Each structure stands twice: as structure tokens, then as C-alpha cells.
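Asks: To start, I am sharing the structure in question, which I have written as C-alpha cells.
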């Protein structure tokens with residue numbers, strides 16, 4: 001199974017594609033960062049993130065997308081941007097009928113290092129080892145995106161099958177809405 | 001000028017279109033709510049919101065979109081959903097090159113009632129009077145969306161012109177990103 005991991009952020013969205021199945025060696029298909037200029041307005045930055053994610057989906061055709069679950073316990077300003085960037089990533093995937101899974105940072109850390117409180121360096125080191133890379137992917141957002149993809153491959157084969165069936169079943173419903181116009 | 005106001009939410013997105021200029025009587029063009037089922041997963045709900053907003057943009061062709069600015073001071077779970085829904089609304093508008101303005105709830109209340117701490121009933125009553133409606137729009141999210149559009153028409157003619165020029169200038173840039181693939 002091929003998974004696109006997305007570590008969402010307005011300034012830097014880490015993206016990484018991993019192919020493989022649980023219990024076998026995994027392969028890195030691609031890794032990178034979608035960046036947007038800090039001085040652009042938020043709406044325009046979201047458009048750039050959409051283009052970047054769509055491009056990764058077009059090029060690598062993943063079967064699943066794993067996005068980091070955002071909590072609002074940290075810096076308020078940062079969290080809003082992260083929530084908005086994650087919404088765009090989820091939208092791009094769901095629009096294509098791809099199942100979207102959310103994993104918390106501690107689930108990802110626990111999956112790849114064995115500890116939910118591992119630091120960035122440990123995550124980077126384990127990603128490097130698990131994907132048999134020459135050096136840790138940089139920046140850290142890119143390594144985190146690969147860790148998300150690995151976590152997803154290992155964590156929930158059963159959940160994946162269920163989500164996939166659900167996504168396929170709802171590929172063509174009409175939007176639920178009401179619309180009134182006076183002109 | 002024709003403005004689409006969006007009061008973002010995962011369960012209910014209020015949408016309202018108002019036409020007019022500051023200092024003249026305003027006209028309601030349309031009002032409604034984009035709803036998504038509470039039991040659907042977030043990614044799918046964002047797709048439904050995108051379809052709903054796109055439909056409003058297609059039908060009413062507003063020149064500006066005003067979205068309520070989200071703060072994370074309230075309930076954490078609700079705020080995340082609101083931030084995600086607002087991201088989709090901003091994305092839909094910016095993708096078409098439409099200028100997006102964000103107004104805080106207190107700016108909107110102050111614009112239509114004269115007080116930044118007005119309650120829902122006061123906002124609904126003033127929206128009804130300003131748009132010469134037979135009765136207050138329901139639900140409250142729909143009235144809030146109209147209030148946002150009115151606030152935008154009254155608040156910043158100069159800001160609008162600037163934003164419009166900026167949006168036009170950047171309609172075709174390439175996304176800023178790095179992309180590395182090993183396959």
C-alpha cells in the first residue's frame with residue numbers, strides 16, 4: 001500500500017510517500033515540503049497548499065492519505081494555521097475518494113520509535129533506518145510526514161479496509177444544503 | 001458591490017449574499033445554510049462544504065467574500081471544526097481570484113448594531129431592518145452571514161480596492177515548493 005503522509009503547516013507542509021506493508025521492509029517513494037510565503041494572505045496561502053498537495057497526489061497516486069491530527073493546546077496563532085492547512089490536505093484527498101486517516105503526534109512517535117514522547121532527532125533517526133536512507137530527511141517536517149505514512153502502514157490495516165469501503169460508498173452524494181434566492 | 005458572507009461551521013455554514021454600497025439601502029440577494037451530517041468523517045464534511053460554497057459562488061457571482069475570523073478562545077473541538085470550515089470557504093474564494101476579507105464577530109456586531117457586544121437577537125433584528133425583510137433570517141448562522149456581508153460593504157471600501165488589485169496581480173503564480181522523488 002502506498003501512503004502519503006502530510007505534516008500540515010501554513011509555512012511548511014511536510015509531505016512524504018511510503019510504499020509497503022506491515023512486517024516487510026518499507027520503501028520511500030518521495031519526500032518534500034510544500035512552502036508558502038509568510039507575507040501572503042491566508043486565503044492565498046491555502047490555494048498554494050492545495051496546488052502543492054494536488055501535485056503530490058497527481059504524481060504519486062497514493063491509496064491512502066495520513067494527516068497529523070491537530071490539537072489546540074499549543075500557540076493559538078500557529079494552531080489556527082495548522083488546522084487550516086490540514087483542512088486543505090484532507091479536502092484534496094477526500095475529493096478524490098481517497099481515505100483520510102488522522103494520527104496524533106504521540107501515536108506517530110510511538111509507532112516509529114516505541115515512545116510517544118520521542119524527540120525530533122529520534123523520529124528522524126528511526127525514519128532514516130526504517131526506510132534505509134543515507135541520511136535523515138530535512139527539514140524535520142519532511143521526516144515527520146514520512147513517519148506519519150509509516151505509522152499509517154503499521155497501525156491499522158483493518159481500519160484502512162473499512163475506511164476505503166466507506167469512501168467508495170459515498171463518492172457521489174449531493175451536498176446537504178438549503179438555498180433560497182430572492183433574485 | 002455584491003458580497004458573500006460566510007459564517008463558518010462544520011455542521012452549519014451560514015451563507016448570505018448582499019448587494020449595495022455604503023450609504024445606500026442594501027439588498028439581500030440570497031441567504032441559506034450549507035449543512036453537513038454530524039456523523040460523517042471530517043474530510044468528507046469538508047468536501048460537502050466545498051461543494052456548497054462553490055455552488056453559492058457559481059449562482060450568485062459575488063465580487064467579494066467576507067468570512068468570520070476564527071479565534072481559539074472558545075471550545076477546543078468546535079474551534080478546530082470552525083477553523084477547518086473557514087479554510088475551505090477562503091480556499092473556494094481565493095481559487096477564483098476573489099478577494100477574501102476576515103472580520104471578527106465584534107467588528108460585525110459593532111457594524112450592524114453599534115455595539116461589539118450585541119446579542120444574536122439584536123443582530124437578527126438589525127439585519128432584518130437594514131435589508132427590509134419581512135422577518136429575521138433563520139437559523140442565526142444565516143443572519144450572521146448577512147451581517148458579515150453588510151459589515152464588509154460598510155467597513156472598508158479602500159481596503160477592498162487594495163485587496164482586489166493584489167488578488168488580480170497574483171492570479172497565476174506557481175506554487176512555492178520543493179519536490180524530490182526517488183522513483
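Note: Cβ is positioned from N, Cα and C throughout, glycine not excepted.
In TrEMBL, annotation is done automatically, which means it is predicted and not curated.
So TrEMBL says this about it:
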- A:7, A:141: Mg(2+) 1 binding site (BINDING)
- A:7: active site (ACT_SITE)
- A:68: Mg(2+) 2 binding site (BINDING)
- A:68: active site (ACT_SITE)
- A:141: active site (ACT_SITE)
Asks: By the criterion CB under 8 A from chain B, which of the binding-site residues A:7, A:68, A:141 would you report?
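Replies: Cβ contacts with chain B under 8 Å: none.
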Asks: Any same-chain residues 6+ apart from residue A:68 (Mg(2+) 2 binding site) with CB under 8 Å of its CB? Would you list them in sequence order, or say none?
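Replies: Expected: A:6, A:7, A:8, A:86, A:102, A:103, A:104, A:105, A:108, A:144, A:148.
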Asks: Please identify which of A:7, A:141 has the densest Cβ environment, defined as other Cβ atoms within 10 Å, among these binding-site residues.
Replies: A:7
